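In what follows, a structure is listed as C-alpha cells, so that the remarks can point back to it.
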Amino acid sequence: MMKKFRIAMAFVGVLIGAGFASGQEMLQYFTAFGIWGIIGSLLSVFIFAFFGYSLIDLGHQFKAVSHRDVLEKIVPPIVGALIDIFLLLTLFGIGVVMIAGAGSNLNQQFGLPLWLGAAIVSLLVIIVGLLGTKRVIDAIGAMAPFLIALVVIIAATTIWTNPIDWQVLNTAARSLETPLPNWFISTLNYASVNLTTAAATSFLIGGQEEDGQVARQGGLLGGIITGLLIVFINFTLFIVSDQVAAYDMPMLQMAALLSPIVGVIMSVLIFLEIWNTAMSVLYSFVTSYVNPSKKQFNMLFITVICVAFVLSFGGFKDVIGFVYPAVGYGGFIILSLFVIAWFKMRRQS
C-alpha cells in the first residue's frame, strides 16, 4: 500500500507545481467560466484518473528511463522525433516558468527580489537532481501530502466562512480574463498541458516500479486525488475570485486572507511544490540526453538549470496565459497517440 501511495504522491507532486500550486492556472482555466468551470473541474477527475493509470502503466511496461524509451516503441521514428522535440521544449519551458513562479511566490509573500527566489529554487533543483532518480521521485512525492492537507484546510475554511450567492459569484468569476474560448476546450486544454508536462516523469515513475499492479493503481490513485483537488480549489477560488484575481499567486493570497501565519506556511509549501515540478521536468529533460549514471550528466544538468534561471526573468502571469494554452493544444495529438498505444498494449497483453 505504501508503494502505491508513494507513486500516487509522486504523480500528484509533478502536477501540483505546474497545475495549481499558484492558483493562477485554475483562475484562467476554470474559475473564469463560472459555474461551467465547476462542471469542467468535475470532468477533470475522470481525465486525470485515466491518464494517471495509463501513462504510468506505459512507463512500467517499457521499463522507461526517459520518454524516448516509450516513443521508440509506439510510433515511427519520424513521428517520435517530432514528439520528442515538442516534449523537450515543453519540459524546458515549464521548468523556466516554474523558476519564474518561485521568484513571484517569494516576492509576493516576503518582498524578496524576483531573481533571489529564482536562484534559490535553481540551487535546490541542482542539489536534489544530482542525488539520483529514486531520490528525485521520493522528493517529488514527499512534499505533496503537506500541501494537499493545507489546501484542504484553507479551502474548507474559506467555503465555510464565505456566503454563497451563486448568481453574484458567477458574475464575478465570468468577469475574469481567460485565453480559452469555452469551458469544455479549457478543461481539455488544461488536462493536456499538465499531462503532457507530466508524461515524461510518469514514464520514469512507472519504469522504476517492478510490480505492474502497484504502478497502475498508484497512478490511478494519483489521478483521482489530482482531479478532486482541482474541484476543491476551483470552487474555493470561485467563491473569492474578486479578492484574489489581481495577484500572481491567488492561492497564496487566499491563505493570507485567513491569517498571516497561514500565508507564510502556504508560501513555503507552494515554493516547495514549484521546486518539485521544476526539478521533475528539468531532470526528465536532461535524462533524455544523458543517462543519470554517466559522468556527463552532472555537468549537463547544472548547465541546463543555469540557462533556465537566466530565461526565467519574465512575467509569470502572462507566460502562463500564452505558453500553457499553446502546449495544451499541441499536447492533444501526443496524448491521443499515447492512448492508442496504451490500448494496443493492453490488448496484446
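Using the three backbone atoms N, Cα and C, a Cβ is placed for every residue, glycine included.
Under the heading transmembrane segment, TrEMBL lists 33-56 (among others).
Per TrEMBL, the feature transmembrane segment maps to 77-100 (among others).
The annotation transmembrane segment is assigned in TrEMBL to 112-132 (among others).
Among the features that TrEMBL reports, transmembrane segment is placed at 139-160 (among others).
Here TrEMBL flags 180-206 (among others) as transmembrane segment.
Sequence annotations record features per position, and here TrEMBL assigns transmembrane segment to 218-241 (among others). Sequence-distant neighbours of the transmembrane segment (218-241) (same chain, 6+ residues past either end, Cβ-Cβ under 8 Å): 3-12, 15-16, 19-20, 23, 26-27, 30-31, 34, 37-38, 41-42, 44-57, 148, 151-152, 154-155, 158-159, 162, 164, 169, 172-173, 176, 202, 205-206, 209, 250-251, 254, 257.
Here the transmembrane segment (261-285) has Cβ contacts under 8 Å with residues 13-18, 21-22, 66-67, 88, 91-92, 94-95, 98-99, 101-102, 105-106, 108-110, 117, 121-122, 124-125, 128-129, 136, 139-140, 143-144, 146-147, 150, 154, 197-198, 200-201, 204, 249, 251-253, 255, 301, 304-305, 308 of the same chain, all six or more residues outside its ends. Taken from TrEMBL, the feature transmembrane segment applies to 261-285 (among others).
The transmembrane segment annotation in TrEMBL covers 297-316 (among others).
Annotation comment: TrEMBL describes 322-343 (among others) as transmembrane segment. Same-chain residues lying 6 or more positions outside the transmembrane segment (322-343) and placing a CB less than 8 Å from one of its CB atoms are 25, 28-29, 51, 54-55, 57-58, 70, 73-75, 79, 83, 86-87, 90, 93-94, 97, 179-180, 188-193, 195-197, 199.
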Are there residues at least six beyond either end of the transmembrane segment (112-132) with Cβ under 8 Å to its Cβ atoms? List them, or say none.
98-100, 102-106, 139, 271, 274-275, 278-279, 282-283, 286, 292, 298, 301-302, 305-306, 308-309, 312-313
